[in-house]
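Under the heading Mn(2+) binding site, Swiss-Prot lists ASP22, HIS24, ASP51, HIS248. Look at Swiss-Prot and you will find ASP51, ASN79, HIS205, HIS246 tagged as Fe cation binding site, backed by experimental evidence.
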Amino acid sequence: MTWKGSGQETVGAEPTLWAISDLHTGHLGNKPVAESLYPSSPDDWLIVAGDVAERTDEIRWSLDLLRRRFAKVIWVPGNHELWTTNRDPMQIFGRARYDYLVNMCDEMGVVTPEHPFPVWTERGGPATIVPMFLLYDYSFLPEGANSKAEGVAIAKERNVVATDEFLLSPEPYPTRDAWCHERVAATRARLEQLDWMQPTVLVNHFPLLRQPCDALFYPEFSLWCGTTKTADWHTRYNAVCSVYGHLHIPRTTWYDGVRFEEVSVGYPREWRRRKPYSWLRQVLPDPQYAPGYLNDFGGHFVITPEMRTQAAQFRERLRQRQSR
């Protein structure tokens, strides 16, 4: 399989639907990654599945760069876009912040979860691309927990607390899970209106299923990774692919015969250790990965003996910590 998605346009190349997430361009070392992204043809589309940056000006810079290069850019927010830090020129919070970002994208011609769903009609199509903003509701519970309160208590006891708890305001909703439930209901209503015969590409920053979270080094972090309310969406809404990020574990897996693509870049300290074969991930047409292309866990990077040793040592430390 030939990858063309991180270089200049290739003469005669056919249109491709690409995806990427977790660019985190506010981090030193990641802005050059964004600047290196080019389509392989003038008609390529790009899905940006959240966590572009934290500051509104950096989010604008990143999306503006990409929309000037790709024929269409489709963005969904991650949790980091919804953070309000004291360094942000726009001190807006919660839903007002999300609305501001949607308006920003609208001005640039970038598709968001609030726009009509675009339809990919090139190779691998037709397929309706469904950008979604769903958040999470703490229902991906860690072992030993039967409720959100118990799960959060276990996580705190093990020093696992997402920064969202301090920087992601849910206002005007009372809680982040209340905001999540409103978004899930609104999105489900739109999905139910689709032609059930037409394939979809479901795009969300967070995984629609709990299973991808099993690869997390800190399993308690799953609390901030999605909702069980979307567990059957990939089959119910005829998905040919589910695109997500957030976990910073770039990999391809299949659940119920549906391809799931985790397309994150992650932080420099992460990707420098296990740089993926390509920054951009092909969504359509189906890439048909050759045998041996993906590593043992579906990852898009080589696992070295040193990495295996470090992972085993980490798991042992984690086991000891959890058994205390």
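Cβ from N, Cα, C; glycine included.
Where Swiss-Prot records a feature, it is marked here on the structure.
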{"residue": "ASP22", "record": "Mn(2+) binding site", "DSSP class": "coil"}
{"residue": "ASP51", "record": "Mn(2+) binding site", "DSSP class": "coil"}
{"residue": "ASN79", "record": "Fe cation binding site", "DSSP class": "coil"}
{"residue": "HIS205", "record": "Fe cation binding site", "DSSP class": "coil"}
{"residue": "HIS246", "record": "Fe cation binding site", "DSSP class": "coil"}
Rounded Cα separation (Å) that holds between HIS246 (Fe cation binding site) and HIS24 (Mn(2+) binding site): 11
Residue with minimal Cβ packing [other Cβ atoms within 10 Å] among the binding-site residues HIS24, HIS205: HIS24
Cβ neighbour count (within 10 Å, all chains shown) around HIS246 (Fe cation binding site): 26
HIS205 (Fe cation binding site) versus ASP51 (Mn(2+) binding site) - Cα distance in angstrom: 8
Sequence-distant neighbours of ASP22 (Mn(2+) binding site) in its chain (C-beta under 8 A, six or more apart): ALA49, GLY50, ASP51, GLY78, GLY245, HIS246, HIS248, SER264, VAL265, GLY266
Residues near ASN79 (Fe cation binding site) in space but at least six apart in sequence (CB under 8 A): GLY50, ASP51, LEU135, ALA162, ASP164, LEU168, HIS205, TRP224, HIS246
Check: same-chain CB within 8 A of Fe cation site center, minus ASP51, ASN79, HIS205, HIS246: SER21, ASP22, ALA49, GLY50, PRO77, GLY78, HIS80, GLU81, PHE206, GLY245
